[in-house]
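**Student:** Below you'll find the structure I mean.
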Amino acid sequence: RNLGKVIDTLTCGFADLMGYIPLVGAPLGGAARALAHGVRVLEDGVNYATGNLPGCSFSIFLLALLSCLTVPASAYQVRNSSGLYHVTNDCPNSSIVYEAADAILHTPGCVPCVHEGNVSRCWVAMTPTVATRDGKLPTTQLRRHIDLLVGSATLCSALYVGDLCGSVFLVGQLFTFSPRRHWTTQGCNCSI
């Protein structure tokens, strides 16, 4: 909505300036005013569409886009094995974002290697950032988190504090509140 005020000022100011041109000002000013009204209609449509989504507004959309900056786009990992450095794509502990019983959320560019019992084995990458133990995506735990996020977004929208809640969610991405459930190592040399 704030961006719309800037665009309105520019387009309407341009239309006024066009009206002051001698001889051709009247037709050019009218055309520029029509263009400014068309831009205003588009702005109103975008404001209506983004303002009526539960828990979303255009500024929340921009904050969500900026949240992509908190996760690296690609990575390579190096481990020190008896004085030698090996390039591996096994996730180090610093790349693990969230752990569930059967799924691990990690940064892109690596695959978790989990030590269970006396053996370390690679988990199956379902997406660039999600790996599971057996290649099946568990839905029970995901549904619980999705329900919590959707409920929070709806409540924030109903209380008209969507921007504040969006900011809190983004700051929350910087902190992990869940304990470690798996022992991840870098001894598997998993393939992506």
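Just so you know, glycine gets a Cβ as well, placed from its N, Cα and C.
Pulled these features from Swiss-Prot for this protein:
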- Asn80: N-linked glycosylation site (CARBOHYD)
- Asn93: N-linked glycosylation site (CARBOHYD)
- Asn118: N-linked glycosylation site (CARBOHYD)
- Asn189: N-linked glycosylation site (CARBOHYD)
- 6-57: region 'Interaction with APOA2' (REGION)
- 48-51: region 'Important for lipid droplets localization' (REGION)
- 149-180: region 'Important for fusion' (REGION)
- 1-52: topological domain 'Cytoplasmic' (TOPO_DOM)
- 74-192: topological domain 'Lumenal' (TOPO_DOM)
- 53-73: transmembrane segment (TRANSMEM)
**Student:** Whole-number answer please: how many Å between the C-alpha atoms of Asn118 (N-linked glycosylation site) and Asn189 (N-linked glycosylation site)?
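**Tutor:** If we compare the Cα positions of Asn118 (N-linked glycosylation site) and Asn189 (N-linked glycosylation site), the gap is 17 Å.
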**Student:** Given the glycosylation sites Asn93, Asn189, which one has the fewest other C-beta atoms within 10 angstroms of its C-beta?
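**Tutor:** Lowest Cβ count within 10 Å among the glycosylation sites (Asn93, Asn189) is Asn93.
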**Student:** What mean pLDDT score does the region 'Important for fusion' (149-180) have in the model?
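**Tutor:** Across the region 'Important for fusion' (149-180), the average pLDDT comes out at 77.
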**Student:** Including all protein chains shown, what's the count of other C-beta atoms within 10 A of the C-beta of Asn118 (N-linked glycosylation site)?
**Tutor:** 5
**Student:** For Asn93 (N-linked glycosylation site), just give me the three-state DSSP call.
**Tutor:** helix
**Student:** Whole-number Å distance between the CA of Asn93 (N-linked glycosylation site) and the CA of Asn189 (N-linked glycosylation site)?
**Tutor:** 15
